[in-house]
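Visitor: My questions will all concern the structure given below.
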């Protein structure tokens, strides 16, 4: 049920009902509301508080959006690039170079990005086509929005985004310069803020050649079919085993019930990073269980797994005196029985699960 202003006022005390205000107003704005004056005899009405005449206009609307974007992008800025050649990112970081291209006659655009590690090795790359793009700078911002969103989906950390559009950099830092591109600016800032340790960096065109070449191939060769980046992968088996190994090392060091912090200390000591969810899942699974018993159960399961070299039953040669057909028949019957027992047992688990 929607509440009006008069529903939030305690009539006997002629003051705000703070409990009700907290239920419908964001916590950051509660103090602003309860400190504002009201006329109890005045009927409720809808007004636009950002304009003097209390009516909405596009100018005040853009101011509101600009303030919202500045709040999202607080502490985020575009670093000016100095080098004219591409350089490798620091150890444990990756660089995502983003390029774009635009054909003014057909309003057809292309975007491309490539991610490389501290050794300069290309890890991932992708391209995409866009239709009905009205300007080159719009294409630049659309490429940035698409690429940063893709990196969020890939769940990467420590990412430096490099691009070479000075006009796009100016608009990102001051969205009021191009209200038409508010949506793209919002998506760029939101994505970059969502990535742990990331930043935007303006670089020269020559240091962004690889990504630009991918983007140009879209408009030059009319590649209307894009190839997407690979889907985000679940944590690998090796990553899970590192968490298990760290847990066991903590137990061996004398901690009967290792905590998440204990496991992280061990992993960080050897430069391993892992998701908190993996650690929490392991601690949940072993909670209240004896580690020695778990290891013993695991050994029993391993012992039940066949290691190959299955025997073959050999029938003896029939005697010359006749009646030799009974032995082969009996052997075949025994062999079928053994096969059935093996298939029925299945060792308590499926190899295809």
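Including glycine, each Cβ sits where the backbone N, Cα and C put it.
The following feature annotations were taken from TrEMBL:
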{"type": "COMPBIAS", "residues": "330-340", "note": "compositional bias 'Basic and acidic residues'"}
{"type": "DOMAIN", "residues": "101-215", "note": "domain 'RNase H type-1'"}
{"type": "REGION", "residues": "305-353", "note": "region 'Disordered'"}
Visitor: With DSSP as the reference, give the number of residues of the domain 'RNase H type-1' (101-215) in helix, strand and coil.
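Guide: With helix first, then strand, then coil, the domain 'RNase H type-1' (101-215) has 56 helix, 31 strand, 28 coil.
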Visitor: Taking every residue in the domain 'RNase H type-1' (101-215), what is their average pLDDT?
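Guide: When the pLDDT values over the domain 'RNase H type-1' (101-215) are averaged, the result is 91.
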